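Features as listed in Swiss-Prot:
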- Asn27, Leu29, Gly54, Glu75, Asp100, Asn125: S-adenosyl-L-methionine binding site (BINDING)
Amino acid sequence: MRIADYSVTKAVLERHGFTFKKSFGQNFLTDTNILQKIVDTAEIDDQVNVIEIGPGIGALTEFLAERAAEVMAFEIDHRLVPILADTLRDFDNVTVVNEDILKVDLAQHIQNFKNPDLPIKVVANLPYYITTPILMHLIESGIPFSEFVVMMQKEVADRISAQPNTKAYGSLSIAVQYYMTAKVAFIVPRTVFVPAPNVDSAILKMVRRPVPAVAVEDENFFFKVSKASFTHRRKTLWNNLTGYFGKTEEVKDKLTKALDQAGLSPSVRGEALSLEEFASLADALKGQGL
């Protein structure tokens, strides 16, 4: 029997008198086939260390610990720590850290792996309410995670992996794809969770690029420009950029020159621009002193 078997999950929760906290976005997976598929998608073996976020009662952790060198699981809910000590008692390669992943010194924790030089993968069922902040925090942490295989709301997975000229494409797509390739591996129906969420989930596989997707003069400025370009999706690039940089004649003149230099029409919408075009635009705007 597995932790994720419905009868086991139910028994564990009852034994510990656990009640779900909506504020933590807790939904426990009760399908062992899907858990196996997640670990297979992540290609976990004994030459990999794993960071897990939100282990719950250890359903995914169990599958990870069977194959990984070590698993470090960050759980914000202190009530789950004794439950994890119970459900994962047979594993000596799991460390549970009762801290908020957004506030920990992750680089310091990683040094606590027995072999910190092994590749590190992030495998997790992320809380829906805070998926994007967690992902961006980890991606921008400077820690060279080789891969992320994470479950999230399907809509968010679609946005992250979206291509130009699609409804889902936006600044989040650019922010992630600048650092990583992103592809939806498979869909997870809402019916396999306790309690069931209101939406379906997706497993997103992201692999770190050896170097960023595009070369830019100023990364922060590149992200600001891409974000500004999607402020109002139905508006043109010109309208969004004048809304961000200002509408003085001087700004308009600089914008005109930058768009011309980047080979872009003022009437194009942000959703039509590739990462390469956003890079050209950001560098041209920077060159104009904006």
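Glycine too: its Cβ is placed from the backbone N, Cα and C atoms.
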For Glu75 (S-adenosyl-L-methionine binding site): intrachain residues, at least 6 apart, with Cβ closer than 8 Å: Gly54, Pro55, Gly56, Val81, Leu84, Val96, Val97, Asn98
Sparsest-packed among the binding-site residues, when each Cβ's other Cβ atoms within 10 Å are tallied, from Leu29, Asp100, Asn125: Asp100
Winner by Cβ contact number (other Cβ atoms within 10 Å) across the binding-site residues Asn27, Gly54: Gly54
